[in-house]
Amino acid sequence: MANIFSFCVFIVLSSLCFSKAQHVKVYELKRGYFSAKFTNYGATMLSVILPDKTGKLDDVVLGYDLVNDYKNDTTYFGAIVGRVANRIGGAKFILNGVTYKTDANDGKNTLHGGSKGFSDVIWTVKSYKKHSHVTFSYESFDGEEGFPGNLSVSVTYMLLHKNKLAVKMMAKPLNKPTPVNLALHTYWNLGGHNSGDIMSHTLKLFGSKITPVDSELIPTGEIVPVRKTPYDFRRPRDIGSKFDQLPHGYDINYVLHKSRRSRHLRKVAVVVESKCGRKMELWTNMPGVQFYTSNMLKNEKGKNGTVYGKHAGFCLETQGFPDAVNHPNFPSQIVKPRGIYKHFMVYRFTAH
(Lines of atoms letter the chains of each structure in order from A; the text may use other names.)
(Lines give C-alpha, C1' and ligand atoms only; values in the text may rest on other atoms or scores of the structure.)
Protein backbone atom coordinates (compact mmCIF):
# COMPACT_ATOMS: atom_id res chain seq x y z
CA MET A 1 0.00 0.00 0.00
CA ALA A 2 2.84 2.41 0.88
CA ASN A 3 4.46 1.82 -2.51
CA ILE A 4 1.13 2.41 -4.32
CA PHE A 5 0.58 5.61 -2.30
CA SER A 6 4.10 6.86 -3.09
CA PHE A 7 3.59 6.09 -6.77
CA CYS A 8 0.27 7.99 -6.81
CA VAL A 9 1.86 11.01 -5.11
CA PHE A 10 4.68 10.93 -7.68
CA ILE A 11 2.18 10.86 -10.57
CA VAL A 12 0.15 13.77 -9.12
CA LEU A 13 3.24 15.90 -8.48
CA SER A 14 4.63 15.14 -11.93
CA SER A 15 1.32 16.15 -13.50
CA LEU A 16 1.30 19.40 -11.55
CA CYS A 17 4.87 20.21 -12.59
CA PHE A 18 4.11 19.39 -16.23
CA SER A 19 0.94 21.47 -16.13
CA LYS A 20 2.81 24.39 -14.62
CA ALA A 21 5.55 24.23 -17.24
CA GLN A 22 2.89 24.27 -19.97
CA HIS A 23 1.80 27.73 -18.83
CA VAL A 24 5.14 29.38 -19.58
CA LYS A 25 4.52 31.41 -22.73
CA VAL A 26 5.78 34.37 -24.74
CA TYR A 27 3.72 37.57 -25.11
CA GLU A 28 4.41 40.19 -27.78
CA LEU A 29 3.52 43.88 -27.63
CA LYS A 30 3.64 45.69 -30.96
CA ARG A 31 2.93 49.11 -32.41
CA GLY A 32 4.19 49.81 -35.90
CA TYR A 33 7.89 48.96 -36.10
CA PHE A 34 8.24 49.04 -32.29
CA SER A 35 7.81 45.66 -30.61
CA ALA A 36 8.78 43.86 -27.44
CA LYS A 37 8.42 40.32 -26.13
CA PHE A 38 8.00 39.05 -22.58
CA THR A 39 7.51 35.77 -20.76
CA ASN A 40 5.74 34.96 -17.53
CA TYR A 41 8.83 33.04 -16.40
CA GLY A 42 10.41 35.65 -14.13
CA ALA A 43 8.18 38.33 -15.75
CA THR A 44 11.14 38.62 -18.08
CA MET A 45 11.73 41.07 -20.93
CA LEU A 46 12.94 38.95 -23.86
CA SER A 47 13.42 41.49 -26.63
CA VAL A 48 12.87 45.07 -27.77
CA ILE A 49 13.03 45.69 -31.50
CA LEU A 50 13.61 49.25 -32.71
CA PRO A 51 14.48 51.05 -35.96
CA ASP A 52 17.76 52.89 -36.28
CA LYS A 53 18.23 56.21 -38.11
CA THR A 54 18.02 54.43 -41.48
CA GLY A 55 14.96 52.39 -40.52
CA LYS A 56 16.90 49.16 -39.95
CA LEU A 57 15.33 47.04 -37.21
CA ASP A 58 17.44 45.47 -34.45
CA ASP A 59 16.82 43.71 -31.16
CA VAL A 60 18.58 45.87 -28.55
CA VAL A 61 18.16 43.49 -25.58
CA LEU A 62 20.61 40.72 -24.69
CA GLY A 63 19.08 37.31 -24.04
CA TYR A 64 18.57 33.74 -25.17
CA ASP A 65 16.75 32.03 -28.04
CA LEU A 66 14.62 29.76 -25.84
CA VAL A 67 12.60 30.51 -22.72
CA ASN A 68 14.04 27.34 -21.15
CA ASP A 69 17.50 28.91 -21.30
CA TYR A 70 16.35 31.60 -18.86
CA LYS A 71 15.64 28.91 -16.27
CA ASN A 72 19.31 28.02 -15.91
CA ASP A 73 20.99 31.40 -16.37
CA THR A 74 23.01 33.30 -13.79
CA THR A 75 22.91 36.60 -15.67
CA TYR A 76 19.32 37.63 -14.75
CA PHE A 77 18.83 38.66 -18.41
CA GLY A 78 15.72 40.86 -18.59
CA ALA A 79 14.19 39.52 -15.38
CA ILE A 80 12.24 41.15 -12.58
CA VAL A 81 14.39 40.56 -9.50
CA GLY A 82 13.14 40.58 -5.91
CA ARG A 83 11.67 40.38 -3.27
CA VAL A 84 14.69 42.60 -2.60
CA ALA A 85 16.88 43.43 -5.59
CA ASN A 86 20.64 43.92 -5.32
CA ARG A 87 22.50 42.79 -2.20
CA ILE A 88 21.71 42.28 1.47
CA GLY A 89 24.90 42.22 3.51
CA GLY A 90 25.43 39.10 5.61
CA ALA A 91 22.11 37.72 4.28
CA LYS A 92 20.24 39.07 7.28
CA PHE A 93 18.40 42.10 8.63
CA ILE A 94 16.45 43.14 11.72
CA LEU A 95 12.84 44.29 11.46
CA ASN A 96 10.77 45.20 14.52
CA GLY A 97 13.25 43.42 16.77
CA VAL A 98 13.21 40.16 14.79
CA THR A 99 16.29 38.96 12.91
CA TYR A 100 15.49 37.54 9.49
CA LYS A 101 18.03 35.36 7.72
CA THR A 102 17.71 35.40 3.95
CA ASP A 103 19.15 32.93 1.44
CA ALA A 104 22.89 33.49 1.00
CA ASN A 105 23.42 32.96 -2.73
CA ASP A 106 26.31 35.39 -3.29
CA GLY A 107 29.01 34.26 -0.89
CA LYS A 108 27.71 35.18 2.53
CA ASN A 109 25.29 37.76 1.10
CA THR A 110 21.88 37.69 -0.58
CA LEU A 111 21.67 38.79 -4.22
CA HIS A 112 18.44 39.63 -6.07
CA GLY A 113 16.15 37.90 -3.59
CA GLY A 114 18.04 34.62 -3.12
CA SER A 115 18.61 31.39 -5.03
CA LYS A 116 14.99 31.31 -6.18
CA GLY A 117 13.92 34.90 -6.27
CA PHE A 118 11.16 36.41 -8.39
CA SER A 119 13.28 35.92 -11.52
CA ASP A 120 13.00 32.13 -11.16
CA VAL A 121 9.30 31.64 -10.58
CA ILE A 122 6.32 31.35 -12.93
CA TRP A 123 4.06 34.40 -12.84
CA THR A 124 0.35 34.41 -13.64
CA VAL A 125 -0.82 36.35 -16.70
CA LYS A 126 -3.58 38.67 -15.45
CA SER A 127 -4.19 40.74 -18.58
CA TYR A 128 -2.85 40.87 -22.14
CA LYS A 129 -3.61 43.07 -25.15
CA LYS A 130 -1.09 42.87 -27.98
CA HIS A 131 -1.20 46.57 -28.90
CA SER A 132 -1.35 47.76 -25.31
CA HIS A 133 0.04 45.83 -22.34
CA VAL A 134 0.72 42.62 -20.48
CA THR A 135 0.35 42.22 -16.71
CA PHE A 136 1.98 39.45 -14.67
CA SER A 137 1.26 38.69 -11.01
CA TYR A 138 2.88 36.55 -8.33
CA GLU A 139 1.91 35.57 -4.79
CA SER A 140 5.04 35.42 -2.64
CA PHE A 141 4.60 33.38 0.52
CA ASP A 142 5.67 34.07 4.10
CA GLY A 143 9.24 32.85 4.58
CA GLU A 144 10.07 32.64 0.85
CA GLU A 145 13.88 32.92 0.66
CA GLY A 146 13.70 34.07 4.29
CA PHE A 147 11.54 37.19 3.84
CA PRO A 148 8.60 37.87 6.17
CA GLY A 149 4.94 37.89 5.22
CA ASN A 150 2.77 37.12 2.22
CA LEU A 151 3.20 39.60 -0.62
CA SER A 152 1.04 40.16 -3.72
CA VAL A 153 3.17 41.40 -6.61
CA SER A 154 2.33 42.60 -10.12
CA VAL A 155 4.31 43.89 -13.09
CA THR A 156 2.77 45.60 -16.12
CA TYR A 157 4.62 46.33 -19.35
CA MET A 158 2.85 48.94 -21.50
CA LEU A 159 3.49 50.43 -24.93
CA LEU A 160 2.80 54.16 -24.97
CA HIS A 161 2.52 55.86 -28.35
CA LYS A 162 4.96 54.51 -30.93
CA ASN A 163 8.22 54.86 -29.03
CA LYS A 164 7.64 54.57 -25.27
CA LEU A 165 7.70 51.55 -23.00
CA ALA A 166 6.38 51.89 -19.47
CA VAL A 167 6.89 49.45 -16.61
CA LYS A 168 4.72 49.45 -13.48
CA MET A 169 5.74 47.27 -10.53
CA MET A 170 3.46 47.05 -7.52
CA ALA A 171 3.48 45.01 -4.31
CA LYS A 172 1.14 44.75 -1.37
CA PRO A 173 2.05 43.06 1.95
CA LEU A 174 -0.89 41.02 3.21
CA ASN A 175 -0.03 40.26 6.83
CA LYS A 176 3.44 41.49 7.90
CA PRO A 177 5.77 44.42 7.26
CA THR A 178 8.44 43.41 4.75
CA PRO A 179 11.21 44.96 2.67
CA VAL A 180 10.38 45.34 -1.02
CA ASN A 181 12.77 46.50 -3.71
CA LEU A 182 12.00 45.24 -7.21
CA ALA A 183 14.20 45.90 -10.25
CA LEU A 184 14.15 45.19 -13.97
CA HIS A 185 17.48 43.61 -14.96
CA THR A 186 17.53 44.24 -18.72
CA TYR A 187 20.87 44.31 -20.53
CA TRP A 188 20.81 46.89 -23.33
CA ASN A 189 22.97 47.41 -26.40
CA LEU A 190 21.52 50.13 -28.62
CA GLY A 191 23.65 49.02 -31.56
CA GLY A 192 21.88 45.66 -31.46
CA HIS A 193 22.33 42.78 -29.05
CA ASN A 194 24.98 41.23 -31.33
CA SER A 195 26.92 44.41 -32.16
CA GLY A 196 29.83 44.02 -29.73
CA ASP A 197 30.54 46.01 -26.58
CA ILE A 198 28.90 49.17 -25.27
CA MET A 199 32.10 51.12 -24.58
CA SER A 200 31.35 53.79 -27.21
CA HIS A 201 27.75 54.38 -26.07
CA THR A 202 27.42 57.92 -24.72
CA LEU A 203 25.82 58.20 -21.28
CA LYS A 204 24.45 61.11 -19.31
CA LEU A 205 23.32 60.09 -15.81
CA PHE A 206 21.26 62.36 -13.59
CA GLY A 207 22.95 61.53 -10.30
CA SER A 208 25.68 63.51 -8.55
CA LYS A 209 26.28 61.02 -5.71
CA ILE A 210 26.86 57.28 -5.31
CA THR A 211 26.69 54.76 -2.47
CA PRO A 212 30.23 53.28 -2.40
CA VAL A 213 30.74 49.58 -1.73
CA ASP A 214 33.28 47.25 -0.15
CA SER A 215 35.10 44.35 -1.82
CA GLU A 216 31.91 42.24 -1.69
CA LEU A 217 29.86 45.02 -3.33
CA ILE A 218 28.02 45.76 -0.08
CA PRO A 219 27.40 49.49 0.56
CA THR A 220 29.53 51.04 3.28
CA GLY A 221 26.66 53.32 4.27
CA GLU A 222 28.33 56.43 2.89
CA ILE A 223 26.85 58.71 0.24
CA VAL A 224 29.61 60.51 -1.65
CA PRO A 225 29.79 62.94 -4.60
CA VAL A 226 30.92 61.74 -8.03
CA ARG A 227 32.73 64.99 -8.83
CA LYS A 228 36.32 64.41 -9.99
CA THR A 229 35.86 60.62 -10.05
CA PRO A 230 35.37 58.14 -12.94
CA TYR A 231 31.74 57.79 -11.77
CA ASP A 232 30.86 61.29 -12.98
CA PHE A 233 28.43 61.09 -15.92
CA ARG A 234 26.70 64.41 -15.23
CA ARG A 235 27.95 65.48 -18.65
CA PRO A 236 27.61 63.03 -21.55
CA ARG A 237 30.67 60.89 -22.27
CA ASP A 238 31.49 57.45 -23.61
CA ILE A 239 30.87 54.67 -21.12
CA GLY A 240 34.37 53.26 -21.67
CA SER A 241 36.20 56.59 -21.53
CA LYS A 242 37.51 56.10 -17.99
CA PHE A 243 37.88 52.34 -17.83
CA ASP A 244 41.61 52.91 -17.33
CA GLN A 245 40.61 54.05 -13.82
CA LEU A 246 37.97 51.33 -13.35
CA PRO A 247 39.36 48.25 -15.09
CA HIS A 248 36.48 46.02 -13.96
CA GLY A 249 33.80 48.43 -15.14
CA TYR A 250 30.79 49.93 -13.39
CA ASP A 251 28.53 48.24 -10.83
CA ILE A 252 27.34 51.00 -8.52
CA ASN A 253 24.17 52.67 -7.22
CA TYR A 254 23.65 56.32 -8.11
CA VAL A 255 21.56 58.68 -6.00
CA LEU A 256 19.19 60.28 -8.49
CA HIS A 257 18.31 63.95 -8.53
CA LYS A 258 14.80 64.73 -7.35
CA SER A 259 12.29 66.01 -9.87
CA ARG A 260 11.78 69.77 -9.73
CA ARG A 261 8.05 69.19 -9.86
CA SER A 262 6.21 67.16 -7.25
CA ARG A 263 4.60 63.94 -8.51
CA HIS A 264 6.77 63.99 -11.61
CA LEU A 265 9.15 61.14 -12.38
CA ARG A 266 12.89 61.67 -12.02
CA LYS A 267 15.03 61.72 -15.14
CA VAL A 268 17.51 58.84 -14.84
CA ALA A 269 19.68 58.76 -17.93
CA VAL A 270 20.14 59.43 -21.63
CA VAL A 271 22.09 56.86 -23.65
CA VAL A 272 23.09 57.30 -27.31
CA GLU A 273 24.76 54.95 -29.80
CA SER A 274 26.09 57.36 -32.44
CA LYS A 275 26.66 54.92 -35.33
CA CYS A 276 23.05 53.74 -35.54
CA GLY A 277 21.60 56.92 -34.03
CA ARG A 278 19.43 55.22 -31.42
CA LYS A 279 18.77 57.09 -28.20
CA MET A 280 17.20 55.78 -25.00
CA GLU A 281 15.87 58.03 -22.24
CA LEU A 282 14.68 56.73 -18.88
CA TRP A 283 12.54 58.13 -16.06
CA THR A 284 11.53 56.64 -12.68
CA ASN A 285 10.03 57.39 -9.28
CA MET A 286 12.77 55.45 -7.46
CA PRO A 287 15.61 57.19 -5.54
CA GLY A 288 18.46 55.18 -7.10
CA VAL A 289 19.71 53.40 -10.20
CA GLN A 290 22.28 50.61 -10.44
CA PHE A 291 24.55 51.23 -13.42
CA TYR A 292 26.15 47.95 -14.45
CA THR A 293 28.36 47.30 -17.48
CA SER A 294 27.98 43.49 -17.59
CA ASN A 295 31.37 42.97 -16.00
CA MET A 296 30.63 39.33 -15.19
CA LEU A 297 29.57 38.25 -18.68
CA LYS A 298 32.00 35.76 -20.17
CA ASN A 299 31.39 33.69 -23.29
CA GLU A 300 27.64 33.62 -22.65
CA LYS A 301 25.87 31.99 -25.59
CA GLY A 302 22.87 34.10 -26.47
CA LYS A 303 20.42 34.81 -29.26
CA ASN A 304 21.13 33.53 -32.78
CA GLY A 305 24.40 31.97 -31.66
CA THR A 306 25.83 35.28 -30.48
CA VAL A 307 28.47 34.89 -27.77
CA TYR A 308 28.26 37.76 -25.29
CA GLY A 309 31.55 38.85 -23.79
CA LYS A 310 32.45 41.28 -21.06
CA HIS A 311 30.70 44.67 -21.45
CA ALA A 312 28.35 43.41 -24.19
CA GLY A 313 25.49 45.29 -22.55
CA PHE A 314 24.65 47.86 -19.90
CA CYS A 315 21.97 47.82 -17.20
CA LEU A 316 20.18 50.79 -15.66
CA GLU A 317 18.23 49.19 -12.82
CA THR A 318 16.07 51.75 -11.06
CA GLN A 319 15.74 50.78 -7.41
CA GLY A 320 15.88 51.61 -3.75
CA PHE A 321 19.42 51.74 -2.37
CA PRO A 322 21.21 48.38 -1.99
CA ASP A 323 21.27 46.87 1.52
CA ALA A 324 18.93 49.61 2.76
CA VAL A 325 17.58 47.16 5.35
CA ASN A 326 20.92 47.44 7.15
CA HIS A 327 21.51 51.19 6.71
CA PRO A 328 19.03 53.43 8.56
CA ASN A 329 20.35 56.50 6.70
CA PHE A 330 19.17 55.06 3.35
CA PRO A 331 15.54 55.51 2.21
CA SER A 332 13.47 52.77 3.84
CA GLN A 333 12.21 49.84 1.79
CA ILE A 334 9.86 48.54 4.48
CA VAL A 335 6.25 48.31 3.34
CA LYS A 336 3.53 47.64 5.90
CA PRO A 337 0.18 45.88 5.43
CA ARG A 338 -2.29 48.34 3.92
CA GLY A 339 0.68 50.05 2.28
CA ILE A 340 1.53 49.63 -1.40
CA TYR A 341 4.93 49.55 -3.08
CA LYS A 342 4.87 51.41 -6.42
CA HIS A 343 7.75 51.49 -8.87
CA PHE A 344 7.44 53.17 -12.26
CA MET A 345 9.80 53.29 -15.24
CA VAL A 346 9.31 55.00 -18.61
CA TYR A 347 11.62 54.47 -21.58
CA ARG A 348 11.55 56.68 -24.67
CA PHE A 349 13.35 55.52 -27.81
CA THR A 350 14.28 57.71 -30.78
CA ALA A 351 16.76 57.58 -33.66
CA HIS A 352 18.47 60.46 -35.48
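Using N, Cα and C of the backbone, Cβ positions are placed for all residues, glycine too.
Annotation comment: TrEMBL describes 1-21 as signal peptide. Annotated beta-D-galactose binding site per TrEMBL: Asn86, Arg87, His185, Thr186, Tyr187, Asp251, in sequence order. Sequence annotations record features per position, and here TrEMBL assigns active site, proton donor to His185. What TrEMBL records for Glu317 is active site, proton acceptor.
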Open item on the list: If I take the alpha carbons of His185 (beta-D-galactose binding site) and the residue listed as 'active site, proton acceptor', what is the distance between them in whole Å?
Closed with: 6
- [ ] Give the distance between the Cα atoms of Thr186 (beta-D-galactose binding site) and Glu317 (active site, proton acceptor), rounded to the nearest whole Å.
- [x] 8
Open item on the list: If you pair up every Cα among Asn86, Arg87, His185, Thr186, Tyr187, Asp251, the residues annotated as binding beta-D-galactose, what's the maximum separation in angstrom, rounded to an integer?
Closed with: 18
TODO: Round to the nearest Å and give the CA-to-CA distance linking Arg87 (beta-D-galactose binding site) with the residue listed as 'active site, proton acceptor'.
DONE: 13
- [ ] In whole Å, note down how far the CA of Glu317 (active site, proton acceptor) lies from the CA of Asn86 (beta-D-galactose binding site).
- [x] 9
